[in-house]
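Annotated features, as they stand in Swiss-Prot:
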type     : residues : note
REGION   : 1-58     : region 'Disordered'
COMPBIAS : 45-54    : compositional bias 'Acidic residues'
TRANSMEM : 79-99    : transmembrane segment
TRANSMEM : 104-124  : transmembrane segment
TRANSMEM : 154-174  : transmembrane segment
TRANSMEM : 184-204  : transmembrane segment
TRANSMEM : 247-267  : transmembrane segment
TRANSMEM : 287-307  : transmembrane segment
TRANSMEM : 446-466  : transmembrane segment
TRANSMEM : 477-497  : transmembrane segment
TRANSMEM : 509-529  : transmembrane segment
TRANSMEM : 627-647  : transmembrane segment
TRANSMEM : 676-696  : transmembrane segment
TRANSMEM : 709-729  : transmembrane segment
Amino acid sequence: MEESEQVLPLLTNPKDLTNPSYASSSSSSSEPRDETEDLLLPISDENEEEEEENSPIRQVALTVPTTDDPSLPVLTFRMWVLGTLSCILLSFLNQFFWYRTEPLTISAISAQIAVVPLGRLMAAKITDRVFFQGSKWQFTLNPGPFNVKEHVLITIFANAGAGSVYAIHVVTVVKAFYMKNITFFVSFIVIVTTQVLGFGWAGIFRKYLVEPAAMWWPANLVQVSLFRALHEKEERTKGGLTRTQFFVIAFVCSFAYYVFPGYLFQIMTSLSWVCWFFPSSVMAQQIGSGLHGLGVGAIGLDWSTISSYLGSPLASPWFATANVGVGFVLVIYVLVPICYWLDVYKAKTFPIFSSSLFSSQGSKYNITSIIDSNFHLDLPAYERQGPLYLCTFFAISYGVGFAALSATIMHVALFHGREIWEQSKESFKEKKLDVHARLMQRYKQVPEWWFWCILVTNVGATIFACEYYNDQLQLPWWGVLLACTVAIIFTLPIGIITAITNQAPGLNIITEYIIGYIYPGYPVANMCFKVYGYISMQQAITFLQDFKLGHYMKIPPRTMFMAQIVGTLISCFVYLTTAWWLMETIPNICDSVTNSVWTCPSDKVFYDASVIWGLIGPRRIFGDLGLYKSVNWFFLVGAIAPILVWLASRMFPRQEWIKLINMPVLISATSSMPPATAVNYTTWVLAGFLSGFVVFRYRPNLWQRYNYVLSGALDAGLAFMGVLLYMCLGLENVSLDWWGNELDGCPLASCPTAPGIIVEGCPLYT
């Protein structure tokens with residue numbers, strides 16, 4: 001059995017599969033373009049004579065087209081216009097909603113759908129006149145019908161604006177939480193360098209994470225399915241629906257339905273029925289609360305509850321979903337209850353689930369009192385106030401992060417070490433390619449030196465900024481080089497896990513741990529080290545995922561590279577400008593005491609982490625001076641767990657299910673908590689089971705036609721209705737005050753149960 005087959009559950013003989021054909025609606029009328037010819041390379045006769053092999057991954061074989069039309073124009077006027085507008089609009093809206101108590105993320109799928117009628121309108125109305133005809137500068141604003149390759153590049157622009165720019169956390173925490181100074185220029189340098197640094201790592205690891213068929217990036221299949229539904233002409237089967245018809249129906253239903261959980265009946269976000277039966281029991285509400293407790297029996301009837309933190313369960317392969325589910329059960333339903341009811345780390349003094357920082361008496365820790373005028377830890381003030389405490393779940397979540405780190409390294413070494421070594425050797429000689437890689441050979445690749453130039457220039461600019469503006473950033477030059485070292489070590493193993501399972505173990509904890517031990521008492525330095533070590537790696541994985549999308553849709557790599565660079569730079573500027581405007585114009589933004597809708601929940605978690613790892617330092621919390629030193633044993637647990645699975649797979653080679661146990665995914669299952677909550681997981685796993693196991697196994701034809709299309713329709717309907725509700729009602733603060741909008745209905749879930757601890761609204765235990 002090949003190495004890739006040891007971890008992939010759904011491999012099959014390619015000859016048993018149907019190969020979906022590619023038929024763009026515009027391919028028949030488009031003429032070859034000079035821009036495309038410049039990106040083409042001849043395909044050897046030897047490759048043309050090879051037997052066509054589809055992808056060994058069944059989901060890819062059923063979803064991705066195996067043909068290409070290189071004559072389709074790509075870098076068109078409408079691509080630049082619609083791509084730039086999509087990037088700007090999504091960047092603004094996502095950052096605008098990011099600071100709100102209930103943040104709304106507008107995915108690239110929204111733009112992916114919205115630009116279709118606009119692109120076709122531009123194709124119908126804009127002149128097709130050829131300017132400077134006969135010269136090397138000739139161009140036209142309208143090269144023909146709106147085609148799928150233009151559409152893919154527009155979506156790449158939209159992807160740049162579809163998520164948050166992580167380095168914005170640094171700016172927000174410094175300005176809104178610590179109330180210190182950081183200039184716009186310095187903020188822009190930090191944001192751009194962290195985003196662009198990922199291109200360097202992406203270039204280094206392309207041959208390992210894009211070209212191999214085993215690195216299939218499940219999330220991309222949602223977009224591939226949507227592109228095909230929007231562009232291919234499909235015959236309607238008797239009694240059935242085309243994918244386009246199905247998408248429209250599902251989109252309308254999702255759009256109309258979200259008015260209930262999004263506005264009229266918000267309790268649908270988390271139906272914690274255990275709390276309804278025990279309205280006066282703290283223990284019952286701790287167990288049953290989907291938002292503030294363990295979420296036993298809790299379920300959400302809201303697509304945003306399902307997909308907001310873990311992504312679409314319809315895009316996750318079942319074995320990965322099962323690993324997440326098992327990891328969630330072990331942590332939330334086994335480890336946390338045992339530690340809480342045994343009062344480990346004074347657990348009963350604090351809520352069972354919280355990201356807040358506490359004093360020994362259960363009150364919120366006064367952070368500002370332990371910071372001196374130089375933005376460093378005031379040690380005498382810290383000793384007067386006493387040590388910082390975490391709720392037991394928060395402490396365990398850090399331990400789980402430690403275990404996930406060592407498990408990732410060990411898992412990749414054991415299950416993919418030979419594969420990585422063989423790939424390294426194959427990069428210097430001819431290798432057998434699948435159909436998608438062979439089709440991409442006709443296009444000129446991005447030269448390695450492009451990536452190296454970006455990497456070296458970016459690292460140099462980062463070192464200069466950190467040294468010249470050290471009073472604002474606090475990070476010394478050696479910290480930048482150390483962060484880059486951490487990123488380059490972990491990009492490949494975490495990239496492999498993500499490319500196979502659609503789940504990414506987090507690296508943020510180890511970056512915080514390293515710099516916190518080496519350079520304690522400097523919170524901004526800790527945050528900067530984290531974004532250069534962690535986010536540059538995350539950006540690399542995002543760029544690699546986009547490269548794989550281009551690989552599936554046969555986009556010229558140099559064109560894809562250009563779109564990624566331009567989209568990233570535009571999104572950085574728009575994100576920062578929007579965040580700066582909000583922080584300058586909204587009084588007390590991120591202040592939860594004011595009952596404002598602008599409470600910045602994710603930035604609060606980032607701020608708490610900067611206090612734990614940067615200001616106070618891991619030595620005083622997890623080291624020899626701390627209360628939680630035993631949490632470090634999780635490193636050993638994480639290293640041992642993959643070895644046990646590997647040994648079991650060798651001892652029982654016929655037990656295929658053993659090879660599907662992915663310890664990095666299983667151990668890091670709860671890494672999104674907080675801000676994710678239990679109900680996000682329970683509902684996500686249920687939806688993933690129905691899609692990835694039940695439908696895929698018993699109705700494979702139905703799954704093939706509609707699964708990924710349904711995922712895109714649910715995302716899009718939610719996003720459009722979410723924006724509409726906010727623009728029409730949210731801006732005017734029009735709300736409904738009734739029991740159906742009381743989220744969760746578990747007011748006692750956050751109460752402590754230790755004797756003598758007084759918290760407003762909670763019963764006093766004696």
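Backbone N, Cα and C define each Cβ position, glycine as well.
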| remark: Most Cβ pairs under 8 Å to the transmembrane segment (287-307), of 154-174, 477-497, 509-529, 627-647, 709-729, goes to 709-729
| message | How about long-range neighbours of the transmembrane segment (184-204): same chain, 6 or more residues beyond its ends, C-beta under 8 Å? | response | 165-168, 170-171, 446, 448, 450-452, 454-455, 458-459, 461-462, 465, 469, 472-473, 484, 487-488, 491, 528, 531-532, 535-544, 547, 564-565, 568-569, 571-573, 575-576, 580
| Any chance the transmembrane segment (154-174) and the transmembrane segment (104-124) have 3 or more Cβ pairs under 8 A, given the pairs are 6 or more apart in sequence? | yes
| note | Other same-chain positions with a Cβ less than 8 Å from the transmembrane segment (104-124) and lying at least 6 residues past its termini are 78, 81-82, 86, 89-90, 93-94, 97, 142, 144-146, 150-151, 154-155, 158-159, 161-164, 222-223, 226-227, 230, 251, 304, 308, 712, 715-716, 719-720, 722-723, 726
| request: Mind checking which residues of the chain, 6+ beyond the ends of the transmembrane segment (446-466), have their Cβ under 8 Å from one of its Cβ atoms? | output: 186, 189-190, 193, 196-197, 199-204, 473, 475-477, 479-481, 484, 528, 532, 557-558, 561
